[in-house]
């Protein structure tokens with residue numbers, strides 16, 4: 001297989017961009033240089049092409065409200081070269097010459113987040129509302145129960161019925177028929193972006209690619225009656241979430257490859273093998289998150305390239321064109337004349353700017369003498385995300401700013417652990433905490449020069465809830481810092497799911513009282529992540545959850561005046577009971593609480609934990625032995641005398657250690673959860689068994705499943 | 001892009017910082033490193049090549065490695081020539097108790113020395129004008145140099161455990177000085193046994209290396225790496241990883257060596273010695289253990305050789321002419337343009353900030369402030385100022401004594417949080433004060449407790465805004481904490497300490513007074529006419545200190561703290577520009593303690609000898625027991641065999657117990673010896689210049705000859 005070599009070139013920088021707001025305009029001739037249309041959050045839409053490595057602007061609109069999405073469209077069967085942008089509740093259309101031909105105010109109550117254009121059909125999505133317009137006339141409407149992240153419509157020319165597909169935050173793709181739901185497809189993570197597969201949706205035009213916020217990519221065929229999952233790329237390297245996808249034949253083998261842009265700056269190219277499974281062919285990290293990606297030809301006609309647009313507005317090409325290297329005499333690399341000119345003109349521009357800035361700076365400082373003057377610095381843009389990883393039951397916090405970050409102060413009013421992430425090079429320093437001031441964590445991250453993105457991992461403990469605050473200071477004068485708050489919820493390690501295993505014995509917690517649906521929804525929302533803040537439509541609401549750490553489940557079913565919560569994990573029920581009561585009391589609402597405990601739920605949960613615990617114990621033991629065995633190996637040279645088991649450990653030493661390192665403190669966390677389970681079981685029975693915890697730990701240290709179950713049964717009596 | 005020219009997997013772990021390269025036969029360089037289980041391995045791929053007679057043979061890396069058993073935890077290895085002709089290298093292996101000089105070629109010991117202070121670091125080479133090369137070892141507060149016969153020609157003490165050593169000509173006088181990094185964060189430069197300069201860093205100095213142009217590189221335990229020139233820092237950088245090994249090597253072929261750093265995460269980078277800019281980096285799969293250089297392929301070119309703890313070895317040749325110093329495969333033009341555009345963007349954003357600010361200023365009157373949106377934006381009056389003050393707080397029942405930094409605004413804006421970045425006085429590099437929402441006000445008090453008497457720069461960042469803001473203005477300023485900040489003027493009736501140190505300076509009283517005003521944290525400057533007489537009380541609990549100076553230049557410092565007396569004298573001498581200073585020191589309490597310690601040292605020595613004899617007895621017994629038990633087994637006499645092994649088991653337990661006693665005994669001994677060394681060092685610290693060196697060397701003589709009374713006299717008067 002040919003190795004793919006792509007060379008990076010920077011084209012232009014615009015303002016901060018929203019995801020999917022850059023497209024290449026199609027050209028009639030294959031491999032002719034294309035124009036780039038890009039819209040940014042300052043409201044500017046511009047279109048440029050590259051001439052002799054210099055950007056030449058075709059048109060540029062005036063600044064306005066922030067633009068959320070840019071799509072291309074045109075009459076069916078024609079080349080889609082009309083540019084559509086959305087900002088607020090408005091949709092505007094421009095020709096490729098920059099003439100506005102459409103200004104359509106939808107009067108939607110929510111601002112438009114996503115858009116899909118196909119012929120005279122316009123599909124728009126707000127936070128929860130989906131609207132379908134034909135020739136700007138309202139046709140269909142659908143209210144979604146969770147946030148809409150993206151919309152596509154199966155190609156109208158190939159699929160008979162108009163079939164819009166919504167990617168929703170609750171891990172499903174919703175396939176619609178007019179104003180009704182056709183069916184839901186559960187996918188691997190919260191889908192962030194959608195894209196029609198290959199050439200207009202694959203063989204039957206029904207195949208859709210999705211990328212999730214936890215970094216997975218999948219292909220699903222959405223038939224009229226039932227979906228069919230084709231393949232899925234897991235996220236083993238724990239790369240960032242997928243923000244944009246595109247199909248383009250960059251490897252020139254006749255099959256369109258998959259281009260992926262991620263929020264940690266990774267650009268990937270996947271090819272397909274004989275069985276149509278995706279294979280990674282190329283990857284490169286750009287320093288900022290990739291908001292849009294597309295394959296095409298921009299810099300030089302005849303050379304394919306991957307064009308990416310980053311959060312801070314850099315438009316960059318990864319071109320198949322080999323870089324020009326001029327070797328001149330002498331020690332210096334000869335800089336080409338064009339670049340030289342470019343650099344000097346930039347320098348001149350900078351000098352001018354510098355002078356103006358110094359003037360303004362003086363003016364600003366001078367205003368400090370004036371007693372009436374104020375200092376008001378506008379907000380800077382922050383692109384942040386706080387999301388749960390299923391693999392290691394921890395949260396990832398990523399913070400990205402348009403300019404370099406100077407430092408970030410993290411403060412938390414609940415005990416949490418910060419884990420080191422290889423990607424981040426900032427120097428962390430923990431400060432002593434004064435718990436009487438509500439500080440359980442005070443840490444500063446001092447960033448290296450030119451760091452615009454910071455990623456870190458946070459491990460929370462279920463039952464302990466509060467807020468994590470980040471004070472972000474960028475290197476920008478006048479210096480300001482912005483606070484961002486992230487909620488650590490009581491059941492922080494739970495994740496939404498759509499299937500429930502009914503065979504497990506479940507403990508039930510029943511609430512009843514004078515509360516409205518909205519009230520109880522807000523309490524549940526307070527307790528659990530991944531729930532829409534807005535009360536979903538309907539009289540009763542049902543959510544299923546899975547604990548990412550223990551794989552136990554939780555079923556929430558509630559309506560006005562009543563709530564039923566069922567879980568096989570008694571600790572989950574206990575936490576819910578405590579928090580819900582507290583919330584209700586805060587609002588002075590009387591609650592009737594009753595619970596029904598299944599005694600066999602405890603052994604069942606322990607049995608469910610058994611393989612994890614056993615595996616971890618064994619792993620810990622093996623890792624402990626490695627060093628000693630290695631020493632023996634050096635001493636003896638010959639390993640024949642060792643038992644096969646030990647020899648196995650020695651030969652697997654590397655993988656064992658890597659595995660152990662990947663999940664630090666896993667065993668301690670398991671122990672902690674089992675201890676909670678133990679305490680909670682007896683708490684419901686009205687007895688306090690905290691004094692018996694050391695005994696429990698002893699049982700755990702000499703772990704055997706039956707002994708543990710017996711201990712749970714016998715203790716307390 | 002520079003790529004390694006060879007890669008080896010040695011299948012042996014390598015202990016961090018214990019890698020060296022020696023030409024034991026005078027010709028072929030051999031990579032030598034300490035590995036687990038108290039062994040040192042020597043990798044010698046060259047003899048095989050010689051035997052191969054031109055034909056390729058199946059190469060197995062294992063057969064090139066020979067192992068030396070040291071049977072003790074190895075703490076340092078170094079290869080170098082002790083011969084003034086310098087043909088064959090000798091391998092020096094240090095453990096916590098011994099130094100072994102070993103001739104690898106002939107498989108013989110050159111010498112084997114007891115090193116009661118332990119061997120933490122070894123450097124081999126010419127020191128000052130001493131004729132033969134020395135193997136200099138650094139242990140617990142002591143430095144010792146041996147020649148090729150094992151005679152110690154050099155001895156001195158230093159402030160704390162030595163972590164790193166290097167020989168380098170810092171003063172550009174043609175002779176090499178010894179640079180010593182120790183656990184008390186100090187880098188000291190010795191010209192023979194005289195300290196010519198001392199630099200205080202912010203963490204233990206884990207590595208040092210000599211560079212071109214009288215510079216040297218250093219690395220600290222907190223991830224800092226930097227370069228010094230002429231006692232002043234040229235540059236430094238800090239990473240979240242730790243630098244394991246540093247080395248000076250000209251990788252880009254420009255004739256000036258770069259600082260090569262091997263990091264704990266496996267990264268290797270080369271930085272320009274002038275700017276600290278990274279010119280090359282590569283990644284090993286595990287932590288770097290050591291970096292050396294040598295002509296490992298025997299083709300006349302010296303390579304940079306990096307080893308990881310897992311035994312991975314990579315060699316790099318300096319860049320060739322075609323690469324023109326560009327080792328990173330970057331596009332220089334693109335990078336320049338990118339950087340310029342980024343700067344342009346930053347300036348534009350700053351301009352926008354000012355524009356928006358001006359707009360906001362015109363749009364509304366200050367009286368209109370207070371709307372929710374504006375409060376959140378954190379608008380503050382433009383004349384808001386940040387005031388800081390430093391005071392000494394003697395503390396109370398709830399608070400330990402501390403220096404109080406008070407940060408306040410001049411109006412009703414609040415201080416949300418204060419970040420202080422300072423080195424060496426907090427656990428990490430920063431300290432944060434973040435009051436809860438109820439306790440917000442326009443004034444914040446920060447407690448600072450500097451653990452040592454060093455001047456510190458406090459880089460303060462204060463977040464100023466409104467109570468419900470989610471954006472704050474950041475005020476940045478720097479305050480210096482004077483050297484002696486943890487001292488309060490003491491009340492008049494404080495009893496005088498018993499110990500004192502007296503000396504005469506040729507200066508006016510006012511000059512010393514000025515020094516006091518600058519170096520102590522005082523509410524108002526002290527003035528005095530005639531004789532100077534002031535007292536301070538230490539907030540760290542080491543009692544009062546009185547400084548007395550008469551008009552004739554006679555200075556007396558009364559304190560029971562020997563350390564403090566030394567610090568005061570060094571600081572005064574530095575301020576007044578005194579090059580040599582002799583003092584009379586009277587520290588009865590310290591002398592008493594020293595006497596006890598020396599007594600204890602004798603005791604520990606005798607216990608050790610007794611234990612060693614016992615152990616030898618036991619091992620004889622074991623031998624006979626094993627023979628007897630095995631005989632019984634062969635004869636089928638199971639009863640006797642069992643008894644034999646039972647006895648053996650008991651004996652073994654005794655041995656282990658004996659060993660444990662020996663260990664604790666040894667530990668105690670080490671502590672005592674460290675105390676002795678430290679006392680000598682402190683006695684030296686009371687003097688300046690040549691008198692300092694004189695005290696240290698005379699003390700050493702006195703200890704060698706076991707002349708305790710002379711020792712006391714030297715400490716008191718500075719000479720025997």
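Each Cβ is built from the backbone N, Cα and C atoms, and glycine gets one as well.
The model shown is predicted, which means the values in this text are computed figures rather than measured ones.
Sequence annotations record features per position, and here TrEMBL assigns coiled coil to B:337-364.
If you look up TrEMBL, you'll see B:20-125 marked as domain 'Ciliary BBSome complex subunit 2 N-terminal'.
Remark: secondary structure over the domain 'Ciliary BBSome complex subunit 2 middle region' (B:164-271) totals 0 helix, 67 strand, 41 coil, with classes taken from DSSP. For B:164-271, the entry in TrEMBL reads domain 'Ciliary BBSome complex subunit 2 middle region'.
For B:400-484, the entry in TrEMBL reads domain 'BBS2 GAE'.
According to TrEMBL, the feature domain 'BBS2 platform' maps to B:491-576. Using DSSP to sort the residues of the domain 'BBS2 platform' (B:491-576) gives these counts of helix, strand and coil: 26 helix, 25 strand, 35 coil.
Sequence annotations record features per position, and here TrEMBL assigns domain 'BBS2 hairpin' to B:588-685.
For the domain 'BBS2 C-terminal helix bundle' (B:690-716), the DSSP-based tally of helix, strand and coil residues reads 24 helix, 0 strand, 3 coil. The domain 'BBS2 C-terminal helix bundle' annotation in TrEMBL covers B:690-716.
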According to DSSP, how is the domain 'Ciliary BBSome complex subunit 2 N-terminal' (B:20-125) divided among helix, strand and coil residues?
10 helix, 50 strand, 46 coil
Do at least three C-beta pairs under 8 angstroms join the domain 'BBS2 hairpin' (B:588-685) to the domain 'Ciliary BBSome complex subunit 2 middle region' (B:164-271), pairs 6 or more apart in sequence?
no
Near the domain 'BBS2 C-terminal helix bundle' (B:690-716) in space but 6 or more residues beyond its ends, with Cβ under 8 Å, are 155-157, 193-195, 580-587, 591, 594-595, 598, 676, 679-681, 683-684
How do the residues of the domain 'BBS2 GAE' (B:400-484) split into helix, strand and coil according to DSSP?
3 helix, 48 strand, 34 coil
